[in-house]
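Shown next, in structure tokens, is the structure this report addresses.
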Amino acid sequence: MIYETAPAKINFTLDTLFKRNDGYHEIEMIMTTVDLNDRLTFHKRKDRKIVVEIEHNYVPSNHKNLAYRAAQLFIEQYQLKQGVTISIDKEIPVSAGLAGGSADAAATLRGLNRLFDIGASLEELAQLGSKIGTDIPFCIYNKTALCTGRGEKIEFLNKPPSAWVILAKPNLGISSPDIFKLINLDKRYDVHTKMCYEALENRDYQQLCQSLSNRLEPISVSKHPQIDKLKNNMLKSGADGALMSGSGPTVYGLARKESQAKNIYNAVNGCCNEVYLVRLLG
């Protein structure tokens, strides 16, 4: 048996630069991890089946599950003769902008690499993972990073300053492809990637909070105004900075002090079913 942890990610910044010839957007984003985790265990099987065990109403256990697809890809790539049972204990909210599915897929690639003693490098696993998901290369490493291209080009950055994170997911799901289709690249939106990069370089917490920016946020807010209300609620309750992560709908707030973080947590706990008080990892 092999055990892997799959932490959630949040975006400090997210920008889309142009539409690529392959139909995807060229993206530029700075991401880090928080200590909200899915936990996965892996067992070899005597047959060649891939079995995903998960108790969650909204997460499939078939080929639509990214962990299943990662296992399928891994077994094909390394021509394995055995299948695997993957058990997922899910804590990361689903369709939330926190890369829960990608984190599980990345953990699956790392886990099978160990389970079958393949000895592939993390770089090799990241390249493999990029075939099925843009956030998977980042999730292979679980380090604070600037990600460009489709997300597969990674530059590691300093860990962020120590802080509390209040994560709140409104009671709705958002499809990332649907949000990306609505991007208007002619419309100006300032994303502070350089400011965030420098803030991490200098471990400047205040500058980090000022740099939080996401081009997808106004698009998701136009469809779901409660995202903006939630963000404003966090800021009014004392968050040093707040932002929607990914394509949403999860909003997070940053706080330096635990008492401050608990105030924000209590302020938003009544309006969302899924609220978490966690720490930055990076």
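Glycine is no exception: its Cβ is also placed from the backbone N, Cα and C atoms.
Given the structure is predicted, the values throughout are model-derived calculations rather than measurements.
For K9 (among others), the entry in Swiss-Prot reads active site, with the evidence type sequence analysis. Within its own chain, K9 (active site) has M31, T32, T33, V34, L98, A99, S102, A103, D135, F138, C139, S245 as residues 6 or more apart in sequence whose C-beta sits under 8 angstroms from its own.
The ATP binding site annotation in Swiss-Prot covers P93, V94, S95, A96, G97, L98, A99, G100, G101, S102, A103. Taking all protein chains in view, 27 other C-beta atoms sit within 10 angstroms of the C-beta of G101 (ATP binding site).
The annotation active site is assigned in Swiss-Prot to D135 (among others) on the grounds of sequence analysis. Under the three-state DSSP scheme, D135 (active site) falls in the coil class.
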Subject >> CB-centroid shell, 8 A cutoff, ATP site P93, V94, S95, A96, G97, L98, A99, G100, G101, S102, A103, site residues removed >> reply: A8, I92, G246
Original post:
Taking the Cβ of A99 (ATP binding site) as the centre, how many other Cβ atoms fall within a 10 Å radius?
Top reply: 29
Original post:
Using DSSP, would you call G101 (ATP binding site) helix, strand or coil?
Top reply: helix
Original post:
In the structure shown, with every protein chain counted, which of the binding-site residues P93, G97 has the densest set of Cβ atoms within 10 angstroms of its Cβ?
Top reply: G97
